[in-house]
Every structure is written in C-alpha cells, then in structure tokens.
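**Student:** Here it is, the structure, as structure tokens.
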Amino acid sequence: MGGHPQLRLVKALLLLGLNPVSASLQDQHCESLSLASNISGLQCNASVDLIGTCWPRSPAGQLVVRPCPAFFYGVRYNTTNNGYRECLANGSWAARVNYSECQEILNEEKKSKVHYHVAVIINYLGHCISLVALLVAFVLFLRLRSIRCLRNIIHWNLISAFILRNATWFVVQLTMSPEVHQSNVGWCRLVTAAYNYFHVTNFFWMFGEGCYLHTAIVLTYSTDRLRKWMFICIGWGVPFPIIVAWAIGKLYYDNEKCWFGKRPGVYTDYIYQGPMILVLLINFIFLFNIVRILMTKLRASTTSETIQYRKAVKATLVLLPLLGITYMLFFVNPGEDEVSRVVFIYFNSFLESFQGFFVSVFYCFLNSEVRSAIRKRWHRWQDKHSIRARVARAMSIPTSPTRVSFHSIKQSTAV
C-alpha cells in the first residue's frame, strides 16, 4: 500500500455503509468470543469496528492485538500481520485503530511477479552468455590439437555436456507451454528426459574432473595409467541407466505434466537426484584432500606465509566451481522470510544460468595451455600474412640467369 497503509482503509470507511443486520450479527459473534474471558474490574466491552474487526472484552489500560482483516472493500490483506487498539484507562476503546502493519496481498503478489520476471531475465541472459562462451571454448579445444592431453579432453567433454544441457534448457523453455504440460505428449517427456540426462552428465563429468585431480595430486599416481575410455564411461555412460530407471519410475508412478515436478508422496526424482548428491559429496571429499595437499606443499616451500595462503585461497576458489560444489546451494531451503526467498531466487538463478560461463572461463579461457597455443597460432598467422614476411621471402629468392636485374641495367647504361 506504499507509504500509507491505512489510506485505502480510510477512503473505504468514508464510503462504507454497513448493513444493520450484518453489523448486529458481527456484534453477537464478537460478544460470544468474549464470554469465555473472565475479567474483573474496569474493562472495555466487546466491540466491532467499522472495518469488521472484533475487539473482545479487555481490561482497562491494555493494548489489544488482533489479526488484520482477511478481506475488506475488494482487497485481500495479509492476516499474519496485526492491528492494534488501546483499551483506555476509563474503560472505553480508543477511537483510532492502528492498522499500519496491514499490507495488501495484492502488492505482495505484484512484488513476487516482479521478482519472478527479473529472475527469468537473469536465467535467459545467463544461459545465452554461457552458451556462447561454451561454444567458443568447444571450438578452441577442437582446433587446438597440440594441447590434447587427457586433462584437456576431460575439460572438453565437460564443456560439451554443458552445451547440450544449455541447448535442451532452451528447448524446454520454448516448447513447454501449459497446454503441452497438460497434454503430456510423448515428445515432451523425451525432452524432459534428455534435459535431466545432460544435467546428470554435468555432475558426473565434474566427478571425472575430481577423480583426475585427486589421482594426480593426492594419490600421486602417474596419470599415464588413466585412460580416456574410463572417463567417457563415467561421464556419458553411468548417467544413462540412471535416467532410464527414472523414466520407468515416472512412466508407472508419476506419468503426468511431461514428467516435470512431482506428486506428493512420489519420490521417483530421487532416482537421479540421489546419485548427483552422492558425487557432490565425493567431490567435496576430493576438494578437502586436494586443498590439504596443496597447503602442505605450499608450506614446505621457501615462499612467505602470505604468499602461501594467497595461493591456497586461489586454488580453493578455482577448485570450487571446477568440482561442482556450488550446486550444493541449490538444495538449500530459503525459508519463509521474504528477503531470504528473494536473495535465494536471484542467487540461484545467477549461479545456475552462469555455471557454463564459469566452466568456460576456468577450463578454457584461463587455461595457460590454451592461451599459449592461441598465442603461437596468432604469431604464425601474423608471420604468414605480414608485409615483412612477404618481402623477406621475395628477397630470399635467387635471381635467374636469364633475368636481367634493374641494378645491372643501370650499370650498363652508365658505361
């Protein structure tokens, strides 16, 4: 209601004409509520104000609290807030009732809609930026064959999984109308299954990243023993039977609304959410061990203590998004507080939509091998296309015996 929450109520009171019959019934109801109260001494009698709020019999000198009206003059109000009225020392009610806390639910719904639309914009913007960054990173890994080691192949597959997930996200957003949801046609269920499959592959490729780092840093095994097919089985293979089992469960127990959401008491979604949470927990253990080893190695070095901690913090900040620990935030319940829910909605929307962008930055754009390979290619391209290179090549060509040079013509003319 803005800065004057009583303004609408006051305007309504000026135009209000209560039906005598309904007012009488309200008085009787209010009086019946007060019968149970046993008050001695000076008191205010039960009363119904012009808004319809019942103020029960109360002792003199007391501030009485009553819920805000649920519905008044065509406007719904939040009944979790309260109105206040004082029972004066002389046993009469104060003329003024404090309804300053009573807020229109209409305004709250408008605020919720605004926050929802902003969150939708953040989601679309984040997924667009992420998809562009992921495609650029994918092309770089495709073109730069000189850096194709197992570590970068894992990065490449993770980026591919994120591309497919982002692409199916756009398919879901653009095709899943309310009518399609209700019809529950076969293709929309396949789209949902594909989206969930690529979502799970993101987690398992992050698990592959964690396995590789843990093997290389903590277990100190030679990474030459690791094979590409092992990680392909983990990243692309393991999620497939998980999603098949989930789809069968949905088909038999929750076959509605294109398999989005879930009915109360049906827990088929945990078939794929459970393994995702499990690999997150394992990655958390990997992260703890990796940071512990990094701290030990840094402490054993000759650098100062400040530099040691700085490197440890940098390593931690890099490893957090790499191992997917940020997804832990998506399982947090923000509670009923409005501020917490708004912050959670924005924070969740930002993290989920920009996750692909962060992966591209950490795995590709900040990758020293990728940057070095790009720099070499750029220098080769400059050498090939620069004027200096063309002149140098022309000067290096030997003069043919049958070709007369400009210098020899000049000398013969002088003679």
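Glycine residues also receive a Cβ, built from the backbone N, Cα and C atoms like all the rest.
For reference, Swiss-Prot lists these features for the protein:
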SIGNAL    1-23  signal peptide
TOPO_DOM  24-111  topological domain 'Extracellular'
DISULFID  C30-C54  disulfide bond
CARBOHYD  N38  N-linked glycosylation site
DISULFID  C44-C87  disulfide bond
CARBOHYD  N45  N-linked glycosylation site
DISULFID  C68-C102  disulfide bond
CARBOHYD  N78  N-linked glycosylation site
CARBOHYD  N90  N-linked glycosylation site
CARBOHYD  N98  N-linked glycosylation site
REGION    99-108  region 'Important for peptide agonist binding'
TRANSMEM  112-142  transmembrane segment
TOPO_DOM  143-149  topological domain 'Cytoplasmic'
TRANSMEM  150-174  transmembrane segment
TOPO_DOM  175-189  topological domain 'Extracellular'
DISULFID  C188-C258  disulfide bond
TRANSMEM  190-218  transmembrane segment
TOPO_DOM  219-225  topological domain 'Cytoplasmic'
TRANSMEM  226-253  transmembrane segment
TOPO_DOM  254-269  topological domain 'Extracellular'
TRANSMEM  270-295  transmembrane segment
REGION    280-290  region 'Important for antagonist binding'
TOPO_DOM  296-306  topological domain 'Cytoplasmic'
MOD_RES   S301  phosphoserine
TRANSMEM  307-331  transmembrane segment
TOPO_DOM  332-338  topological domain 'Extracellular'
TRANSMEM  339-368  transmembrane segment
TOPO_DOM  369-415  topological domain 'Cytoplasmic'
**Student:** Within the topological domain 'Extracellular' (332-338), what mean pLDDT does the predicted structure show?
**Tutor:** 60
**Student:** Count up the helix, strand and coil residues in the topological domain 'Extracellular' (175-189) according to DSSP, in that order.
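**Tutor:** Breakdown, helix to coil: 11 helix, 0 strand, 4 coil.
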**Student:** Which one, from the disulfide-bonded residues C54, C68, C87, C102, has the smallest tally of other C-beta atoms lying within 10 Å of its C-beta?
**Tutor:** C54
**Student:** Could you state the CA-to-CA distance between N90 (N-linked glycosylation site) and N78 (N-linked glycosylation site) to the nearest Å?
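**Tutor:** One finds 32 Å between the Cα atoms of these residues.
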**Student:** Could you tell me whether the transmembrane segment (270-295) and the transmembrane segment (150-174) have 3+ CB pairs under 8 A, leaving out pairs under 6 positions apart?
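**Tutor:** As far as Cβ distances go (cut-off 8 Å, pairs 6 or more apart), the transmembrane segment (150-174) and the transmembrane segment (270-295) do not touch.
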**Student:** Using other CB atoms within 10 angstroms as the count, which residue among the disulfide-bonded residues C44, C188, C258 scores least?
**Tutor:** C188
**Student:** If you draw a 10 Å sphere around the Cβ of N78 (N-linked glycosylation site), how many other Cβ atoms fall inside it, taking every protein chain shown into account?
**Tutor:** 15
**Student:** Cβ under 8 Å, sequence separation of at least 6 from the ends of the topological domain 'Extracellular' (254-269): give me the contacting residues as numbers and ranges.
**Tutor:** 176, 180-182, 184-185, 188-189, 191-193, 246-247
**Student:** From the recorded positions C44, N45, C54, N78, C87, pick the residue whose C-alpha lies nearest to the C-alpha of C258 (disulfide bond).
**Tutor:** N78
**Student:** What same-chain residues lie close to the topological domain 'Extracellular' (175-189): Cβ under 8 Å, and 6 or more beyond its ends?
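**Tutor:** Residues 247, 250, 255-260 contact the topological domain 'Extracellular' (175-189) from elsewhere in the chain.
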